[in-house]
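Asks: Provided herewith is a single structure, encoded as structure tokens, for subsequent inquiry.
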């Protein structure tokens, strides 16, 4: 089977809900990272076979957002593209699908990633609007909740699944708040030291009032304290432990990577950054969706012929502190190896982009620390997980 390599990896800075990127569509964010990934890879855009982009909140974006983004990036009309919706795993699944196509001999060069603007997600009228309301009130649905954050199986918020995990695995409020504080501190330190500079591409933001360049993550709370986190009320269950402070945010952003067949990359004189060793998904009960990374990671490690102890750095999406801690407890994560520059609790979670974002961040962290093996993994709403193992190439 053909080897797949990553030859470039970029992301936008992550915007807060209704923050700096609120006027920039997911398609424009996607176009920005697609163009930048190709430029960083130093490949001829004519050699791009396909573009695969994750995007969850597609309502109102128009046909096939990935195709729109690739055209806006300047790629030729002959380049095909498709959009992936695997909820929080969409961006990483896009990379896995790119690898599969290359391994199958269907392509040599694919741009893969994810894009999301949660700030611009619309509201929907219920189905009665199609046939007429006649009598009574209608209902308006929030696309963020309906298509992104509500469990379609059980009809409750993802936060309740985190409460379920906390109860099932004995994860206390204090443990969750401590993890959240560590995430905030690591992210603040990473921003201060410029650790994200190499992976972030600037976004030119144009509004009616001003034009500016957005290039730094704005969601982290650098001044967060244990006292402030402890004072927050539970967000989903009055007697619960999950709060706005120990959960990820609602955010905007995009990320993209150029994936190539290894021999083709070398023949073109390129220097691959990493080899994709394995990828896998796993299913769990929807009520405990946060545990999805456990079977996914176990499968990915088995396919790579590795043990968790072999992994040098891990990026595990912090959808909620409760699920992150339970996953780490179950798999036996070494806390010194995980989310070394902070995670989604601090940086944010633009759901369709996060899978690609954590892979981009993982790769750059491995480069900065001269590490060889990395693992990226996320839980997925509906009761799934996804994981990928990469090997950095010198």
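Glycine is treated like the rest: Cβ placed from N, Cα and C.
The active site, acyl-thioester intermediate annotation in Swiss-Prot covers 88 and rests on similarity to another entry. What Swiss-Prot lists as active site, proton acceptor is 349, 379, and the listing cites sequence analysis.
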Asks: Using the alpha carbons only, what distance in Å do you get between residue 349 (active site, proton acceptor) and residue 88 (active site, acyl-thioester intermediate) once rounded?
Replies: 8
Asks: Determine, to the nearest whole angstrom, how far the Cα atom of residue 379 (active site, proton acceptor) is from the Cα atom of the residue listed as 'active site, acyl-thioester intermediate'.
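Replies: The residue listed as 'active site, acyl-thioester intermediate' has its Cα 7 Å from the Cα of residue 379 (active site, proton acceptor).
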Asks: Enumerate same-chain residues with a sequence separation of six or more from the residue listed as 'active site, acyl-thioester intermediate' and a Cβ-Cβ distance below 8 A; give 'none' if the list is empty.
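Replies: Sequence-distant Cβ neighbours: 56, 317, 319, 349, 351, 354, 355, 378, 379, 380, 381.
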Asks: Can you tell me whether DSSP puts residue 379 (active site, proton acceptor) in helix, strand or coil?
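Replies: DSSP call for residue 379 (active site, proton acceptor): strand.
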